[in-house]
Amino acid sequence: MPEGKATSSASNTGKNKGGAYQDRDKPAQIRYSNISAAKAVADAVRTSLGPKGMDKMIQDEKGDVTITNDGATILKQMQVLHPSAKMLVELSKAQDIEAGDGTTSVVVIAGALLDSCNRLLQRGIHPTIISESFQKAVDKGVEVLTAMSQPVQLGDRETLLNSATTSLCSKVVSQYSSLLAPMSVDAVMRVIDPATATSVDLHDIKIIKKLGGTIDDCELVEGLVLTQRVANSSVSRVEKAKIGLIQFCLSPPKTDMDNQIVVSDYTQMDRVLREERAYILNMVKQIKKAGCNVLFIQKSILRDALSDLALHFLNKMKIMVVKDIEREDIEFICKTIGTKPIAHIDHFTPEMLGTAELAEEVSLDGSGKLVKITGCASPGKTVSIVVRGSNKLVIEEAERSIHDALCVIRCLVKKRALIAGGGAPEIELAVRLAEYSRTLGGMEAYCVRAYSDALEVIPSTLAENAGLNPISTVTELRNRHAQGDKMAGINVRKGGISNIMEELVVQPLLVSISALTLATETVRSILKIDDVVNAR
């Protein structure tokens, strides 16, 4: 009997008379667990922030290795199990989509803000008050950032180059920034109209990776570049090209799976072969009749896209053939050369063809060949960037670096304003938000002050990664900014503090604003969670 009483009394702990659940510590424990997991993710990428940041080597289950210091790439490939840690991975992805750069900064800021939240919660401040105060702080922060930004014109090539170079400085391929930065700026400028553009469709800039050579061999091509080889090597150069793109096969038609053809003697066999020959010859004649002298053939999985007989006839008619065109490349090809995809031979007419000055197969010094189509008459503005490198790791990191540089220029097209780099905006925010907190009262002032202190993590981490003393560096920066020197930032090259605008370390305003707002939104979301429930 006493055992029964003990059991019933144990089951009633945590419940009051009305049967409502009362576990005072549980929400606090859940918050602490969420904050700890998210901070662990932020700490993992913190060392890769800035031009002197370290790189990460990531190995997947297949054994493939990636070397990078791009925050979005590191987090995307990281195995994260905790739900709130996954929120930081999503945060990095959101920053990558919105701005394309600042993917490490946004996670580091979020980690520092969560640390501040933890301290505020331990002092008994309610999560809702912290959340609302952080929203006030970020609204004020956006005002401060906008006030310290400088307008930029898209015609000012020098400023665009400085922004792209700053983005490339923290990458593995930073020593090639003098080549890759102008390439990125030129690529964006060729696919937009600077007077009217409000955004850039990066699908108009195709990055082609080709193994061999060095990054010095990267080039920008106004036109189309294909990694597929020319099928008939006797026709490898065509001037005044008329280009057709077919989505059907130049091979004998196959019977259905269920049907069979029984050939009883050799005359019937001969007739089948003659029919096949006539069928293919008619198709090739129709292609030639339309005036086509360069033919692209989409990859087919059902049967041979191009039979040997068809290739023989095309060769005789001096038509250059490139087969195995991938389905996802078709839209870009059509936009670049002004052709239309042809699904049936009956639709193969002159108006479906695209035109170009020159189509040729180019040899790459013993490391394969590329097909280049230049002088395209199409109104669709597109460019191709050929990325070369000695191995797969270098090529992939170069591609990511070029993508980040393109995104930086896209940010300047979207919001035409620049801001200093080198931790200057974050320290300016910390100083101005500390002043703003004095105008508030009660708990809000305390929370905004904690928010401003958290932003010091960026200059502190930059200094730490560059081998400087973070405490003395941040203290000196605070003094300079308090005296009104808004552009004082960490000069990683010289190892000290200087006017960062004079050093041409600049970044788009959109990157800073996006990082601040997205990090704050994520922190507020994590802060509001007081329970984790496993669904069935």
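Heads up, the Cβ atoms here are built off N, Cα and C, so glycines get one too.
Look at Swiss-Prot and you will find 1-26 tagged as region 'Disordered'.
Per Swiss-Prot, compositional bias 'Polar residues' is recorded for 1-15.
For GLY50 (ADP binding site), the same-chain residues 6+ apart in sequence whose C-beta sits under 8 angstroms from its C-beta are SER170, THR461, LEU462, ASN465, ALA466, VAL492. Positions annotated as ADP binding site by Swiss-Prot: GLY50, GLY102, THR103, THR104, SER105, SER170, LYS171, GLY422, GLN507.
Annotation note: THR103 (ADP binding site) sits in a helical segment as assigned by DSSP. The ATP binding site annotation in Swiss-Prot covers GLY50, GLY102, THR103, LYS171.
Within its own chain, ASP101 (Mg(2+) binding site) has SER167, ASP404, CYS407, VAL408, CYS411, GLN507, PRO508, VAL511 as residues 6 or more apart in sequence whose C-beta sits under 8 angstroms from its own. According to Swiss-Prot, the feature Mg(2+) binding site maps to ASP101, an assignment based on similarity to another entry.
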Statement: Rounded Cα distance, in Å, between LYS171 (ADP binding site) and GLY102 (ATP binding site) is 12
Task: Please classify the secondary structure at GLN507 (ADP binding site) using three-state DSSP.
output: strand
- prompt: For GLY102 (ATP binding site), what is the tally of other C-beta atoms lying within 10 angstroms of its C-beta?
  reply: 32
- prompt: Counting only residues 6+ apart in the same chain, whose Cβ is under 8 Å from the Cβ of THR103 (ADP binding site)?
  reply: ASP70, GLY71, ALA72, LEU75, SER92, GLN95, ASP96
Field: Neighbouring C-beta atoms (10 Å sphere around the C-beta of SER105 (ADP binding site))
entry: 27
Query: In the same chain, which residues outside the set GLY50, GLY102, THR103, LYS171 have their CB within 8 A of the centroid of the CB atoms that define the ATP site?
result: SER48, LEU49, GLY53, ASN69, ASP70, GLY71, ASP101, THR104, SER105, SER167, SER170, ASP404
